[in-house]
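Asks: Could you have a look at this structure, given as structure tokens, before my questions?
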Number of protein chains: 2
Amino acid sequence: MSEQRIVRPTPISGFPEWTPQIRSTEQRWLDHIRAGFERYGFASVETPSVESLEALTSKGETSQEVYTLHRLQADPADDTDARLGLHFDLTVPLARYVAQHFNDLVFPFKRYQMQRVWRGERPQEGRFREFTQCDIDVINIDQVPLHFDAELPRIVHEVLTGLGIPAWTISLNNRKVLQGFYEGLGIGDPVAVIRAVDKLHKIGEDGVAAILTERAGLAAEQVKGCLELARIKGADSSVADEIAGLGVGSALLDEGLAELRYVLDELADLPAGSVVADMSIARGLDYYTGTVYEAAFDDDPGFGSICAGGRYEDLAGQFIRRRLPGVGISIGLTRIFAKLVAEGRVAEGRMCPTDVLVAVPSAERRGEALDTAARLRERGFNTEVYHQAAKIGKQVQYASRKGIPFVWFPPFEDGGPHEVKDLASGEQAEADPAVWTR
Amino acid sequence: MSEQRIVRPTPISGFPEWTPQIRSTEQRWLDHIRAGFERYGFASVETPSVESLEALTSKGETSQEVYTLHRLQADPADDTDARLGLHFDLTVPLARYVAQHFNDLVFPFKRYQMQRVWRGERPQEGRFREFTQCDIDVINIDQVPLHFDAELPRIVHEVLTGLGIPAWTISLNNRKVLQGFYEGLGIGDPVAVIRAVDKLHKIGEDGVAAILTERAGLAAEQVKGCLELARIKGADSSVADEIAGLGVGSALLDEGLAELRYVLDELADLPAGSVVADMSIARGLDYYTGTVYEAAFDDDPGFGSICAGGRYEDLAGQFIRRRLPGVGISIGLTRIFAKLVAEGRVAEGRMCPTDVLVAVPSAERRGEALDTAARLRERGFNTEVYHQAAKIGKQVQYASRKGIPFVWFPPFEDGGPHEVKDLASGEQAEADPAVWTR
């Protein structure tokens with residue numbers, strides 16, 4: 001061994017990494033999500049990991065969390081690289097992509113994007129600094145049919161169902177309902193109220209009431225109305241009747257209620273309770289203008305949203321002078337996956353994808369083993385040949401340690417039979433590589 | 001439209017990005033490569049995009065090309081992030097991974113890794129600063145069977161064949177042959193000769209001879225011998241006899257020739273000329289100790305290697321006091337793909353994955369269209385429902401522009417027939433969503 005200094009290999013906080021068994025499950029999840037998105041006709045897009053800083057900060061909001069790149073040996077006078085930052089979400093890249101490739105795209109443009117994103121969080125906060133998001137968005141010129149507001153939670157419902165994760169609920173709301181209701185109450189700055197109500201789950205009704213009274217200057221009746229609305233929740237479109245029943249009216253509220261009703265009616269065939277209208281879901285971002293989504297685990301609502309999204313009126317105004325509204329939803333893959341891994345609630349996959357290990361009876365008969373493996377591979381089985389001639393017990397042990405389900409024994413002499421051993425049952429039987437199935 | 005300032009969306013040099021059609025082909029390639037790796041039992045590993053700078057520079061070689069990360073709003077006194085850099089290959093991460101998870105892995109550890117890597121190249125050089133590599137490596141404790149030296153080019157051959165790219169050749173050599181031969185010639189510093197011979201394709205025989213004479217101080221006979229060896233090339237193990245026939249001898253040379261013969265014999269069943277032993281292939285890196293690989297396009301050898309690798313004795317000595325030799329090969333996916341895209345030699349995929357667009361006959365019959373789509377999805381067809389009620393011609397046009405092959409017409413009235421139109425042939429016929437196949 002060389003006498004070089006040892007650099008202790010340690011995990012970097014906020015950058016998750018998995019063993020092969022866990023990675024295999026993560027890959028199954030990613031394949032499943034991708035297939036779910038494609039089943040509805042969404043096309044894959046990948047963008048570079050970086051955007052120009054100008055693009056990343058063009059909305060001015062999250063500049064604090066951006067990682068910028070610098071060449072280790074850069075001339076300090078040369079700041080070309082300092083103009084690049086890792087993307088912190090997949091929305092800014094989508095906006096830039098749609099603007100840049102505008103003439104090559106067919107609208108409505110339906111894309112999915114499953115990529116890593118980075119946030120320059122301080123390491124001690126224990127938050128992810130690199131994580132994978134799975135986004136779908138529908139972008140159109142001038143207007144996006146409401147149909148998609150219902151389709152997106154349907155897709156997410158289908159996709160999450162297939163992952164076998166603990167029970168969750170998709171909550172939805174409509175910003176027009178909130179804003180229209182507050183306007184109907186005579187409130188001048190509905191956005192301030194939305195921001196306050198967004199804190200409801202953290203600070204409770206008294207906390208929200210205090211903000212509304214003291215900071216937003218609302219009258220007691222107005223505060224009461226806001227809190228009454230926030231308490232309304234329901235799994236079907238009768239929720240819209242309940243809101244209308246509060247006796248507040250405005251044109252925007254009517255528009256919002258009609259949209260909410262439409263979306264809930266479209267989703268009425270989903271299992272009861274999987275999608276719930278919840279007037280306390282506000283989504284803080286100014287960005288959203290209509291339907292908003294937020295999903296959380298039923299047994300751990302405090303964990304926060306596992307997917308989120310909504311409808312926006314202006315995707316890419318900072319990049320192109322076209323009105324490009326859209327509706328999108330993002331699954332926080334790493335957030336969900338890492339939580340369940342930490343809680344031991346993710347079934348580990350196999351350590352390797354091998355279906356069959358072909359044993360090598362002796363050095364002389366390695367050719368036979370290689371031929372057998374080639375035949376099995378042609379038939380779709382992932383197949384390894386044991387890497388050397390060794391005692392059969394050792395070869396079987398290797399398969400067992402790697403979680404390989406079958407060990408194949410080619411003939412020990414010309415004309416002899418092939419045999420295959422099922423390591424789970426221990427059974428061993430003659431088999432023909434041309435027709436064998438597991 | 002808002003009057004905000006427009007940030008012109010422009011590509012960032014060195015960071016490739018594709019339209020959905022090209023991305024769809026890239027994804028097909030990635031799926032194909034992954035399936036090829038798994039067919040031989042290699043397990044997926046992904047590592048974070050970053051490593052500690054200490055780890056990245058622990059071999060001291062490529063520090064110039066590393067991108068380090070900085071938080072945009074970081075306190076200058078806080079340099080925690082400056083200790084992180086994006087990985088510039090997948091070998092350092094593999095070494096760190098194997099050392100860190102040593103006790104959780106079963107050896108020989110066979111992993112594949114398909115990830116983006118970053119190089120802090122200056123933008124004007126027109127080189128990739130972000131690209132995807134597809135690596136397979138076999139790592140074992142103390143020794144790696146020679147079997148794998150032959151298996152890796154076989155896998156690469158199989159994988160590249162399936163991509164339908166222009167003709168290429170995998171060249172291989174063995175560092176022991178070179179080093180043993182040079183030792184047999186009485187050369188004291190064989191590594192200096194290897195470095196010079198590695199430049200042969202760039203500077204020609206005269207250039208190499210000049211370096212060997214002037215810088216390495218070789219005698220004329222020694223230079224002649226080195227160049228004679230470098231001219232030897234051949235597709236089968238007779239190449240080893242040819243080298244032996246040059247009359248130079250050393251124990252290391254014999255060992256190298258035996259290995260070379262073994263690997264070529266194991267690959268003898270591949271189509272003639274697909275793998276060629278080439279004594280001018282040296283691979284500059286000190287890292288390699290035995291078999292080395294390099295593949296190039298036959299019609300553009302000057303483009304350089306499209307995949308490369310070899311055998312190394314010490315993967316992770318900087319991280320763990322265990323002898324962990326290995327053999328690996330890396331496919332330069334982005335290098336290959338971007339070249340062929342630029343040359344118009346990559347068949348564009350579809351703009352979206354949709355197999356069937358279900359038309360909406362009228363707003364009233366949207367439910368019928370949604371039901372039909374659900375049935376088709378259940379049967380494995382990627383299916384979109386047209387997003388609103390519109391003239392049928394407009395709906396068909398949308399499918400046509402998006403490259404969707406089939407348009408499905410649900411009954412225009414209860415009990416009416418379903419029909420499906422094949423846009424390629426223009427044929428339209430009655431069909432049953434429960435049994436239809438494309």
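Backbone N, Cα and C atoms are what each Cβ position is placed from, and that goes for glycine too.
Curation plays no part in TrEMBL annotations; they are all automatic predictions.
Source: prediction; values computed, not measured.
Pasting the relevant annotations from TrEMBL:
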{"type": "DOMAIN", "residues": "B:38-361", "note": "domain 'Aminoacyl-transfer RNA synthetases class-II family profile'"}
{"type": "BINDING", "residues": "B:Asp89, B:Leu90, B:Thr91, B:Arg119, B:Gln133, B:Asp137, B:Arg283, B:Tyr287, B:Tyr288", "note": "L-histidine binding site"}
Asks: Least buried of the binding-site residues B:Thr91, B:Gln133, going by other Cβ atoms within 10 Å?
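Replies: Lowest Cβ count within 10 Å among the binding-site residues (B:Thr91, B:Gln133) is B:Gln133.
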Asks: Restricting attention to the domain 'Aminoacyl-transfer RNA synthetases class-II family profile' (B:38-361), give the mean pLDDT.
Replies: 93
Asks: Fewest other C-beta atoms within 10 angstroms of its own C-beta: which of the binding-site residues B:Asp89, B:Tyr288 fits that?
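Replies: Lowest Cβ count within 10 Å among the binding-site residues (B:Asp89, B:Tyr288) is B:Asp89.
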Asks: Give the helix, strand or coil assignment DSSP yields for B:Thr91 (L-histidine binding site).
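Replies: DSSP call for B:Thr91 (L-histidine binding site): helix.
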Asks: Tell me, by DSSP, whether B:Arg283 (L-histidine binding site) is helix, strand or coil?
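Replies: The residue in question, B:Arg283 (L-histidine binding site), is coil (DSSP, three-state).
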